[in-house]
Amino acid sequence: MKLLEERILKDGHILGDNILKVDSFLTHQVDFSLMREIGKVFAEKFAAAGITKVVTIEASGIAPAVFTAEALNVPMIFAKKAKNITMNEGILTAQVYSFTKQVTSTVSIAGKFLSPEDKVLIIDDFLANGQAAKGLIQIIEQAGATVQAIGIVIEKSFQDGRDLLEKAGYPVLSLARLDRFENGQVVFKEADL
């Protein structure tokens, strides 16, 4: 997605060897116009897939997931990283390791929001090692629902997340694919769209 790649080049900041900071438009402050375009692109791509729910993980996946769900006219569910007292029955959980935060969290979704009839599109902000998507897949499958595809805003193609998911049989669509960081600049790999 050319618009997204341009924004990454303009406002993204490389930290170390493998971190891209995009807090000015995705991971802290949200550019709703860009997120709306991202949502439209995902919705157009998956319009024929019969999607009934969009699922993401808090927090930075919420914005692109909301706009995707809006464009598809289906509910969006986000997995919570912390249990609260209102989530006390029928909770579906999985362990998820965060590459950026270097911690493992138990993420959860109330089972009442997913059913075996659901066809789910997972949307997330980044794909690195695939652990967030893998955890969401586990939760979705605990409910008996089907993962139709995984939509990623920014993929770190130099990490093994995509291979892990595709080898497990899940289609992955990434709007921006980072090939590498070179001389303080992002070098893109050809995106899926």
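Just so it is clear, glycine is given a Cβ too, placed from its N, Cα and C backbone atoms.
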Taking Swiss-Prot at its word that Leu20, Thr27 bind xanthine, choose the one of Lys134, Lys156, Lys167 listed for that site.
Lys156
Taking just the CA atoms, what is the gap between Gly130 (5-phospho-alpha-D-ribose 1-diphosphate binding site) and Lys156 (xanthine binding site) in Å?
10
Measure from the Cβ of Gln131 (5-phospho-alpha-D-ribose 1-diphosphate binding site) and count the other Cβ atoms within 10 Å, all protein chains considered.
18
In DSSP terms, helix, strand or coil for Ala132 (5-phospho-alpha-D-ribose 1-diphosphate binding site)?
helix
